[in-house]
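**Q** I'd like to ask you about the structure that follows.
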Amino acid sequence: MSTASGDGADAGGDGAAASAPAGRRIPPASSMPWVRNLRRFVGTGAGLGSEALMELETKRILLEIFKERQRKSAEAGSIPSFYKKKPEEGSISSRVQRENCVIDDATGAEKMNYEDFCHIATVCTEQIGQKCKRFFSPSNFMKFEKDDSGRIAILPFYLYVMRTVSLTQARIDMSELDEDSDGFLQPHEMEAYIRGLIPNLAQLRDMPTAFVQMYCRIAARKFFFFCDPHRRGKACIKKVLLSNCLQELMELHQESEEEVTDTEQAENWFSLTSAQRICDMFLALDKDTNGTLSKQELKEYADGTLTEIFIERVFDEHVRRSKVGGGNSREMDFESFLDFVLALENKDTPEGLTYLFRCLDLNGRGFLTTADIHTLFRDVHQKWIEGGNYELCIEDVRDEIWDMVKPADPLRISLSDLLSCKQGGTVASMLIDVRGFWAHDNRENLLQEEEEQVEEA
């Protein structure tokens, strides 16, 4: 994990590893003991006692980074990681752990009481510096779950320290890439940050060089989909740091052989498997190879199970008119396609549901009426019958949706109704995708099959 030095100049002088020149060799994060990482981060000086002081410390480091830009050292720091190997034998952490922990007979977890906690604080302060004291405050000890003997597990505390250090360093790295220093990252800045991470993410190290630029576009888009809800073209650094997206990206630090299944890789948007899948999907849909998708081409998405009215509404709400080919020319570019996929694969999130609701809101009034539901489901019903399924009554489906949502106003369904009912993603699927409606109609059978598979496993 790349960390700032005691005076802030080492990590700052190097800059974030994300911005390190390509020719420099970046050592893997796991090659450094965590105590050494912590020492480089905390350095010397008074401890930070509050979030406000942490902000001042971060700004101080960034200022020194700026002053020392022209005197960068030859050795670049490595990328921060949320995943760390066990402490090296003979390191401070190894000795502290051996001398001040008790093994829980029931769980096998290593634990420490408050006296041990204070002793470790003393050792770390002597070996590392005063700033590590902030991790060993009484209030921090009280944050962790305690057993009947008043002991806390060591691993969660260790991960808390490392995550705090990692997030602080990530903040510094991102801020250094923030060219206009407004606290936001533009797409090319986020792509640069991700590009710098690739060599240190175990599951991405073998990425073909020719695919790196495309991967960074795909990866960065998820950050903007979730952290730039108003589509201003910039994402707040603080929001990025606190987002699930960054945590999902950092999961790629895990070695692929460490029980990372193919399914888990496919489900992680940032995995190489997922990025290649999305790129291949776009290329397969782009029949005329012009780099954009027409409505007709997009209709083939997901084997053609999406309704025609939904595709029309996607283009109405989320695809800008092209300046080329006439005033009515409108095709979906790659970034818009990524938003489209993200929305469909994250229907249960506020961001995904907001994207879809704009398409469902046929008249742009901010709510859906029974007439809207009837119009939307009519296309699903047609595909349902064409698939050889049993006849169903559209009015019955409409009533079922109303029962699922239980809107505040009995005559209309708003976005807030869909969000609060916790079934908004299911409702959206029922109205735009015949496969989504089939999954809802067969939910009991699907649940039973899942339970049987779990039992067999």
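Just so you know, glycine gets a Cβ as well, placed from its N, Cα and C.
Okay, these came from TrEMBL:
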- 16-29: compositional bias 'Low complexity' (COMPBIAS)
- 165-200: domain 'EF-hand' (DOMAIN)
- 273-308: domain 'EF-hand' (DOMAIN)
- 348-383: domain 'EF-hand' (DOMAIN)
- 1-29: region 'Disordered' (REGION)
**Q** So how many of the residues in the domain 'EF-hand' (165-200) end up helix, strand or coil by DSSP?
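**A** Taking the domain 'EF-hand' (165-200) as a whole: 27 helix, 2 strand, 7 coil.
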**Q** Mean pLDDT across the domain 'EF-hand' (348-383), rounded to an integer, is what?
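**A** Residues in the domain 'EF-hand' (348-383) carry a mean pLDDT of 96 in this prediction.
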**Q** Using DSSP, tally how many residues of the domain 'EF-hand' (273-308) sit in helix, strand and coil.
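**A** The domain 'EF-hand' (273-308) comes out at 22 helix, 2 strand, 12 coil.
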**Q** With DSSP helix as H/G/I and strand as E/B, how many residues of the domain 'EF-hand' (348-383) fall in helix, strand and coil?
**A** 25 helix, 2 strand, 9 coil
